[in-house]
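Engineer: When I checked TrEMBL for this same protein, it listed these features:
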TRANSMEM  B:6-24  transmembrane segment
TRANSMEM  B:65-89  transmembrane segment
TRANSMEM  B:109-129  transmembrane segment
TRANSMEM  B:154-171  transmembrane segment
TRANSMEM  B:214-232  transmembrane segment
DOMAIN    B:300-331  domain '4Fe-4S ferredoxin-type'
DOMAIN    B:365-397  domain '4Fe-4S ferredoxin-type'
Amino acid sequence: MNVPTMASLFAEGKEPEVLFWVGCAGSFDDRAKKITKAFVKLLEKAGVSFAVLGTEESCSGDPAKRAGNEFLFQMQAVTNIEVMNGYGIKKVVTACPHCFNTLKNEYPGLGGNYEVMHHTQFLKQLLEEGRLTLQGGTFRGKRITFHDPCYLGRANNVYEAPRELIRKLDAELVEMKNCKQRGLCCGAGGAQMFKEAEKGDKEVNIERTEQALETQPEIIAAACPFCNTMMTDGVKNKEKEGAIAVMDIAELMSKAEDL
Amino acid sequence: MEYLPNILFAVLLIAGIGYFTRNVKKLRRNIMLGRDIDLSDNKPQRWKNMMRIALGQSKMVVRPIAGLMHIIVYLGFIIINIEVLEIIIDGLLGTHRVFAFMGGFYDFLIASFEILALLVIVAVVVFWLRRNALKLARFVKPEMKGWPKNDANWILYIELILMALFLTMNASDLQLQRMEVAHYTEAGSFPVSQWITPLFEGMSASTVVLIERSAWWLHIAGILFFLNYLYYSKHLHILLAFPNTYFGNLKPKGQFSNNDAVTKEVRLMMDPNADPFAAPAEDATPPDKFGASDVKDLKWVQLLSAYTCTECGRCTSECPANQTGKKLSPRKIMMDTRDRLEEVGRNMDKNKGTFVDDGKQLLDDYITREELWACTSCNACVEACPVSIDPLSIIMDMRQYLVMEQSAAPAELNAMMGNIENNGAPWPFNQMDRLNWASETA
């Protein structure tokens, strides 16, 4: 896969339309890397000129901030901002709602002002502009339920873009009893991803998976690499991994297009 | 002697409002103990939010049954209070139904008050049943034991008594009007209390006057008592919901404020011209504590929210940690903040207005670390609150204190943060491998 970096484009004197902010999960987590690649394929198909920061990218600082380490967060933020401002970045797209939220909302106060989009918003825009077309077919009539990532939904009021994409796949979108504003967290936010949960009588991801299973879906669609992990674990815990797939919306679209 | 009731009434009124004013001043003083935050921006949007969320009850109806019942009691409270104005004037001047000159419109007003009073009684009974017979989960959580439970029931009993007194007052008044007793000139239309009036038939005029006067006095005394009960109760929300929704967060819920004190430090570290060995100026103020361990470290708006919370528990019932049996309850965060703030306030009252260290703080003595670390920062509690309270902001401020002042994060989080610091990712991967995915074929 030939993925241009900002450094290489900059050396050629070129400026991409958009920076693809990959994020730590998208860069290192084996499951999330598949989402990253699926999204890149869609970008390529749509002919979007994009680049990544590659080894110049560093953690957005979201988990540090949510864990209470404001200092580490701001150090990460100003370092990233320095790199991005150095390249004159104007527009950023990312497949991680945590990076999306942090870059969009918390970087401006530290000198980083960009137009930041979540990949579902970006893909929706590509479809609307006719730069990307969907054949449908693969998922026609399939029952797909969508799990709202907290940092996309409640945190930033993005509920429709991912749903619109699922509808465009001709799939049957089935909603869980808790969705949109009242969507239940997968259990990973607020730095919980990196620690054991406190003592309780259940894991949050199991509770959420049960809500998803109630809709009898063939696919649980996610739009966040961390939600993806939590829901995948939940489905495995229920021993349903043979029947139900947990897929990112970018993966659904890329599969629909046979990319 | 003729003016004795008028004087008594004036004394009661002044005492009731005076004591309430004294407590409002105390409330204001306690809220202002919080750190400053400038919320004077975007006034049109703030007014709009207050009108929509507090006055318009827009978030109450997310839960339709409780929401509808609440709107009835709320409308009853607001509209029946027009009647209180008449009662006050009657009490001071010794008149009988001074607004009766409005004629047909007066009949309409009294009739609608009566219907609302009846609806309020129905709603209050339903509320009582939900708490005490159905025992809905959010009303029987651990933090609701003792005073919070009794407080909630007391409010319902007081409202029930006030409505019963109001209707009794009207019913006996109607009987006296029918008996053509002097002073009780015909006024008002009584669609509800006319069904109580038959109870008074056959009684002597003086007995009915005694009943009418008792109900009238107890009703207004009850209202003044209720007004003063507010400060000691979760019921304070009927007043504070308005400022709290006005000052509510306008930014996206995911945007947590950046700590300016930290920004200063970071800028200094990034500045190549800064002298790393420079001693702070003699008169430099010591830096603020990072985050919050006690109520005074919180912003005033967070303290206002603590007083605004009416312990409905919608936050807690939406909280993923609470739903899965963890100790965290966003409602308890708000209740603890208020309890501690009240304790600090009482301490100041006792010590001539200055706080004398009592060896206690919000952290550990009220809110445990286990609660703080169970939060997923998902904003469900913030979304659920019908009066724009943000329990999450308190949790985050307290985490900041734990990590930045005490280095007391759970070990796994320390490992995660160490990774970010050393290699720019929460996992132990090398930053130089960040683009490896592009060349992997799997």
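Note: Cβ is positioned from N, Cα and C throughout, glycine not excepted.
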Engineer: Grab the pLDDT values for the domain '4Fe-4S ferredoxin-type' (B:365-397) and give me their mean, rounded.
Structural biologist: 98
Engineer: Residues sitting near the transmembrane segment (B:109-129): Cβ under 8 Å, six or more positions beyond its termini, same chain?
Structural biologist: 69-70, 72-73, 75-77, 79-80, 82-83, 99, 102, 153, 156, 159-160, 163-164, 166-167, 170, 187-193
Engineer: Using DSSP, what is the helix/strand/coil residue split across the domain '4Fe-4S ferredoxin-type' (B:300-331)?
Structural biologist: 20 helix, 0 strand, 12 coil
Engineer: Do you know the DSSP helix, strand and coil residue counts for the domain '4Fe-4S ferredoxin-type' (B:365-397)?
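Structural biologist: The breakdown for the domain '4Fe-4S ferredoxin-type' (B:365-397) reads 18 helix, 1 strand, 14 coil.
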